[in-house]
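J.: I am attaching a structure below and will ask some questions about it afterwards.
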Amino acid sequence: MNILQIDSSVLGDNSVSRSLTASVVADLVAATPDAKVTVRDLDQDAPAHLSGNLLPVLGGPKEGLSAIQEAELQRTEQWLAEFLAADVLVVGVPQYNFSIPSQLKAWIDRIAQAGRTFKYTENGPVGLAGGKRVIVVSSRGGVRQDANELDLHEKTVDIVFRFLGITDITYVRAHGLAMGPQFREAGLASARTEIAALNDASRLAA
C-alpha cells in the first residue's frame with residue numbers, strides 16, 4: 001500500500017493538522033507494516049502558484065521551455081506521479097480565511113490535469129483517479145456547524161477529489177482550536193476518537 005501524506009499548514013511543529021496527519025499515517029502503517037509512505041510538505045516545498053509563465057508546464061507542447069519552466073515541469077511530474085501511485089492520501093487541510101491554504105490550491109493545480117487525472121467527454125468530465133482512499137484532516141479555529149456555508153475548505157477538497165473520480169473520502173475534524181483551552185481540548189479529543197475509528201479492520205483490509 002502506498003500512502004501519500006500531504007501537509008499544508010504554515011505552523012510547522014505548532015500545527016494541529018500536521019500532528020494529526022502524522023497520527024493517521026502512523027496508525028495506517030501499524031495496521032499495514034509493508035506500507036510505503038511519502039510525505040509532501042507544501043509549506044517547505046511550496047508549488048509555484050498558477051501564472052501565465054507556468055501554463056506551458058501544465059499542458060501543450062513541451063518544446064522550447066525555459067530552464068525555469070523545465071524545472072517546474074519536473075516538479076509537476078513528481079507530484080503527479082506521487083498522487084497517481086498513492087492508494088491512500090492523508091491530507092491536512094487547515095482553514096485559512098474560509099478556504100484552503102494557497103499552497104494546497106497550487107498543488108491541486110498541478111495534479112488536476114486533463115487527460116491525466118480527468119477527461120472531458122460528450123457527457124461531461126470523468127475522473128481518472130478513482131480507486132483511492134482519501135482521509136482529510138480538517139482543522140479550524142471555530143466550531144463547524146452542519147451545512148455551514150462557510151465550510152469552504154472542506155467543500156473545496158471534496159469537490160476536487162470527487163471530480164478526479166475519488167469517492168472514498170473520510171474526514172477527521174479538529175475544530176474550535178482558537179476558542180480557548182476547553183474548546184481546543186474537546187476538538188482534539190474528538191479528532192483522536194475519529195482517528196481511532198479509522199482502524200476498522202474492514203476498511204484497512206484492502
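Numbering starts at 1 and runs along the chain as it is shown here.
Backbone N, Cα and C define each Cβ position, glycine as well.
Grabbed the feature section from Swiss-Prot, which reads as follows:
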- Ser9, Ser15, Val16, Ser17, Ser139, Arg140, Gly141, Gly142: FMN binding site (BINDING)
J.: If you count CB neighbours within 10 Å, which one among the binding-site residues Ser9, Ser15, Ser17 has the smallest count?
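T.: Selected from the binding-site residues Ser9, Ser15, Ser17 on minimum Cβ neighbours within 10 Å: Ser15.
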J.: Reduced to three states, what secondary structure does DSSP give Ser15 (FMN binding site)?
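T.: Note: Ser15 (FMN binding site) is coil by DSSP, not helix or strand.
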J.: How many other Cβ atoms are found within 10 Å of the Cβ atom of Gly141 (FMN binding site), counting all protein chains shown?
T.: 15
J.: What residues, ordered by sequence, lie under 8 A Cβ-to-Cβ from Arg140 (FMN binding site) and sit at least six positions away in the same chain?
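T.: Pro94, Gln95, His153, Ala174, His175, Gly176, Leu177 - these are the non-local Cβ neighbours of Arg140 (FMN binding site), listed in sequence order.
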J.: Widest Cα span across the FMN binders Ser9, Ser15, Val16, Ser17, Ser139, Arg140, Gly141, Gly142, in Å?
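T.: So the maximum pairwise Cα distance among the FMN binders is 16 Å.
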J.: Applying a 10 Å Cβ distance cut-off over all chains shown, what neighbour count does Gly142 (FMN binding site) have?
T.: 16
J.: Give the helix, strand or coil assignment DSSP yields for Ser139 (FMN binding site).
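T.: Strand, per DSSP.
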